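Taking it in order: structure first as structure tokens, then the write-up.
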Amino acid sequence: MLLIVIVLNLVFNLNLFYSRGCITMEKIGGMFSGAMFLILGFLSMHSWYSSNISFLESLPSFNEATLGATVNLDDTLSFGARPEVNTRTSWNAPIVWELMFNPDLYDRQHQEAKTTVALTVFAVGRYLDAYLNTFLTSAEKHFMVGLPVTFYVFTDQPEKVPNITLAPLRHLKVIEVERYSRWQDISMMRMKTISEIIEKELRHNFNYVFCLDVDQEFKGRFGSEALGESVAVLHVHYYKLPKTQFTYDRNPKSKAYMTEGDYYYHAAVFGGSCDKVKALADYCYLSTMEDKLNDVEALWHDESHLNKYFWLNKPSRILSSEYCFDPLIPYKTEVIVPRLVWAPKQYTKLRT
């Protein structure tokens, strides 16, 4: 029904513009064809998702009734332990740096609360061969060690996913997804897929979900101190810069348009409770689709929309650039423990 309303509204407005001489018939045809393509894409994706998801391993038998209680240890954080960096936002959310938290306390409390975590990662096309094995093996070594974790790998080549050795209570699930020709479309559809898997499965089985890019490698502890209701990470290239240099989308025609903000966040890492992450994913996907209908593309695609979302909906926890670090940057003294680092970029090879 919603799709019918959208089509009728589009036809009405295009006819109005044509009658006023504001648009040519050729342009109308192009816009209508594009809209129909997007609508058919919605329908085909929904049909595919409902009937063709293939799981290679089954989950442990969690359910909403047995999910652990929420743990909040923010009152134990030592905000003065790192005077050289900002450790708290204007809305009183912590910015997590090394030396601020007691890792043993966090792990013990989350283990007692039976906290469960899902991690999603997309490895489509050449990204699988280039990055996935390193990502998974390093994640198993450093990500939420001691907690029940399920790694969700979304790929167009499920048969090529490496069979890594996992500790007890840690699982790997592989979900086959379609490969799109443009990496921008892959990025856009990631948000839709994250929303759908949360609604279909994750919210029934996990307290938290983290969504990460595959072209990264864990180098140190990425633990329970990172868990929170709504979690963003500071982009390592911008956290020391003035806000005037943040690369927000400045195009008023885009849904990602911003004139001001708090921080510049990196879309390579975000997480939180299932409900909060679904809300973020829905916002980014729907905003991107609206831009697409208006023949607009945000400057940094889903990252631009993510920054707009976190400006409107402040994160309850911000991770420092330790949690998404570029080893090539010249300033490194503030990052005592690089926990997750960027892998060498191969964009020319991977995005063609």
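Glycine too: its Cβ is placed from the backbone N, Cα and C atoms.
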Using TrEMBL as the reference, determine which range in 29-49, 113-133 is annotated transmembrane segment.
29-49
Residues near the UDP-N-acetyl-alpha-D-galactosamine site, F122, A123, V124, Y127, D213, V214, D215 excluded, by Cβ within 8 Å of the Cβ center?
V121, L128, Y131, L132, F135
So which of the binding-site residues is most packed in, judged by how many other Cβ atoms lie within 10 Å of its Cβ, out of A123, V124?
A123
Rounded to a whole number, how many Å is the Cα of V124 (UDP-N-acetyl-alpha-D-galactosamine binding site) away from the Cα of E303 (active site, nucleophile)?
19
